[in-house]
Each structure stands twice: as structure tokens, then as C-alpha cells.
């Protein structure tokens, strides 16, 4: 027969002296199991309490990606400043690159939040000084800047794939899922959109068509709305 304590709590167990076996097979003993986990909880105040199965390689790869996102954001911000000049005055391109800069900065901040969630330490690195002039003798400034943007998006995509590969090598399923769900598909869409912009700018050349392209960018959200 079952002991009274077991019947009240509805836990399947045998009373002392009984030859009966647990009905469900292996009995889960939470207090015994948690003893193993308690040994993994660091006592030092400077150590993360949240960190679990998060390798040093994954932590370093996240910090590298944060630096990539901030560098790309900085370049886009320089492009925004260039096209917003009074003697350039391509407001659509200025708007596009400002929004792109903000998006890359948000990506960096999202990686920083994830680093903290996993118990890693955010270590910001130096950001290189970007170009301030984007005019090109043969291509003009609009096409040259958009081709540069396409190259940056492809580079960012490569870095994200490297981060995903690092997560896979270290059996970090959570990090791999985070990169897949939050970044990879969005990166594919960005590359497609900017590729179309490059193709359109190559068609219009450096003349009056650039102004029409710029107006399209300026009023793009209004058309979609």
C-alpha cells in the first residue's frame, strides 16, 4: 500500500518495506538533481549567475559582431551627412542612409542585450573613421554610395554566418536560433532591396534620373502607406 504522505501529494512511490516498484519508471528527485546544479552557481560576486553553457568563443564572437554593426552604422551615418549637405541635397538618399544607420545601431544594441542575457560581458572595440566624401568621377555619388552599401550588407551577412557557425561548433543552440530568427532573413531582404537600387541607379546614370530616384526614396513610405 502507498504511504499516507504519498497519497496526499499524489506522488507515485512505495512505502518502506514494500516490494512494489515505481509505476512510471525512473522517479525524478528534484532535490537530488538540483544539488549538481548548485555546484555550478558561482560564489564570486563578479561572476555571472545567469551564464549556462555559454562558451568563451561565443562570447567573443558576439562582441566582434557588435563591433561590425557599429562600424557599418558609422559609415551609413557618414553617408547620411554627405547627402544632407546643401550642395548635394539628395534628401531621399540622406533619409535612407540615416534610417540604415539607426537600424545597424539597433542591431548592435540587440546583440549587447543578448550578451548580457547569456551572462557574457560586452566589450566595445574601436570604430574606424569612415569616409566623408562619396563622389566618384565615373559613377557619381549616388551609385557609388549604394554599391558601397551593398558591399557592407554582404560583409555583414558573412559575419553573421560566421557567428552562426561559431555557435554551431560550440553546440550553442540558443545562440544559433537567435541569429537565425533575428538577423539572417532580414539580411537577405536588405541585400535584395539594395541590389535593386544599384541596378536602378546604373540605368539612370549620373544625370537627371538620380533626382527622380532620390524622390522615390524620399516618398517611398508615403506610397506604401
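Indices start at 1 and increase along the chain as displayed.
Keep in mind that glycine also has a Cβ here, set from the backbone N, Cα and C atoms.
Keep in mind that TrEMBL annotations are predicted by a computer and have not been checked by a curator.
What TrEMBL annotates here:
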DOMAIN    52-205  domain 'Ferritin-like diiron'
BINDING   69, 104, 107, 153, 187  Fe cation binding site
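All features noted in TrEMBL, drawn onto the structure.
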residue : record                 : CB count, 10 Å
69      : Fe cation binding site : 23
104     : Fe cation binding site : 23
107     : Fe cation binding site : 23
153     : Fe cation binding site : 21
187     : Fe cation binding site : 19
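Per-residue pLDDT, averaged over the domain 'Ferritin-like diiron' (52-205), rounds to 96.
One way to see the shell of the Fe cation site is to take the Cβ centroid of 69, 104, 107, 153, 187; the remaining same-chain residues with a Cβ within 8 Å of it are 68, 72, 73, 103, 156, 160, 183, 190.
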